[in-house]
Amino acid sequence: MRPIFTQIFGKAQAFLTKPSMASRVTAPAPWITGSQQCTLDTCPISLAHITYLPNLAGNAFYVALFAFLILSQLAIGIRTRTWSFMGSTVCGLILEVLGYAARIKMRSNPFIDRWFTMYIVCLTIAPAFLSAAIYVSLARIVAVYTTSVSRIKQRSYSIIFVACDIVSLLLQAAGGAITTSDEASTIQAGINIMLAGLAAQVASLTLYLGICLDLAWRIYRLSFRTKGTGSPGTDSVENNGFALYPDFAGLRASRSWGSFLVLQGLATICIYVRSVFRVAELSGGFDSHLANDEVTFMALEGAMISLAAIALSTWGHPGIGFQGRWSELDYAMFSRTRK
């Protein structure tokens, strides 16, 4: 089986890295004084922001996919009134469309700053919006079981993680904009800022996964102890004063709820893998082999975020998972009186 996979990967890599006319230019034309004057006919592609021409078919596929998922998010979000989730996810998907559209535009001239800036900023910060959509779901997921099992107040989940996401987003956006400078030291400073933002995102996702695992374990223990008491899911069950809310027993037992939790977890892991990859990619700078390997980029950036977006736009969408009861679990984020 291994030779087959090797052959498939080799063909994909050959397709995505097909040599172009630009590879025939070995030195800039005599009148060129800066990279912004370059074109594919006058400068070698080694002077461009990336040392390959983005593959048209692959990038166009992602543009079409994310555009379709925007429509899916709008349809489900408006129908189920999951406004916060829809707003955050749609913003992320729009940025994905813009980022891959910019990569397509880079095919005509990969030297100029405009399309590179659009690509690097949009695709770097877009997953932060998808993460925010996942974060706002957690407090309501807890409320479907019982807020008593949580170690922190319900509203604190959104406050903590959305705040981390905002910090991460600002750092990534600022760093991406700075990297368009012509000064090597300034470019490196921009890369370092982007790395800080991506590292913050990885740390936030790690904390989120840790909290989710802790909650899952505590809820499992509570559910296990509840069995055999004669009063499953009622407030009379003695488990250190904790009990599962009976109002949502039917929802918890449904297949759609189980699918929702699995796909939310899948989306989180995909975004996590992508973020770790981007940290590794940028650690070597824009000139590193990893930063100029389109096959790896399309797999660990494009495919990972595609899987996450598909999950969040189908059965991983809270409008489907909560079966129309999302608004019942609304909470005042900045209220001092509610958990």
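Think of each number as a place in line: the chain as shown, counted from 1.
Cβ atoms here come from the backbone N, Cα and C positions, even for glycine.
No curator has checked TrEMBL annotations; they are predicted automatically.
Per TrEMBL, the feature transmembrane segment maps to 60-78 (among others).
If you look at the transmembrane segment (85-104), the same-chain residues 6 or more away from its ends with a CB under 8 A from one of its CBs are 54, 56, 59-60, 62-63, 66-67, 69-70, 73-74, 76-78, 115-116, 118-119, 121-123, 125-130, 132-133, 136-137, 302, 305, 309, 312-313, 317-319, 326. What TrEMBL records for 85-104 (among others) is transmembrane segment.
Taken from TrEMBL, the feature transmembrane segment applies to 116-138 (among others). Sequence-distant contacts of the transmembrane segment (116-138) (same chain, six or more residues past either end, CB-CB distance under 8 Å): 49-50, 84-85, 88-89, 91-93, 95-96, 98-100, 102-103, 105-106, 110, 157-158, 161-162, 165, 168-169, 172-173, 175-177, 179-180, 194, 197-198, 201, 204-205, 208, 211-212, 264, 267-268, 271, 274-275, 278, 301, 305, 308-309, 312, 318.
If you look up TrEMBL, you'll see 159-179 (among others) marked as transmembrane segment. Below 8 angstroms of C-beta separation, residues 117, 120-121, 124-125, 128-129, 131-132, 135-136, 138, 152, 186-187, 189-198, 200-201, 203-204, 207-208, 286, 333-334 of the same chain, each at least six residues beyond the ends of the transmembrane segment (159-179), sit close to that stretch.
Per TrEMBL, the feature transmembrane segment maps to 191-217 (among others).
Under the heading transmembrane segment, TrEMBL lists 257-277 (among others).
Per TrEMBL, the feature transmembrane segment maps to 297-315 (among others).
Using the rule of three or more Cβ pairs under 8 Å, pairs at least 6 apart in sequence, the transmembrane segment (257-277) is in contact with the transmembrane segment (297-315).
Beyond its flanks by at least six residues, the transmembrane segment (297-315) meets 16, 55, 58, 62, 65-66, 69, 72-73, 76, 89, 92-93, 96, 100, 123, 126-127, 130, 133-134, 256, 259-260, 263-264, 266-268, 270-271, 273-274, 277-278, 281, 321 of its own chain at Cβ-Cβ distances under 8 Å.
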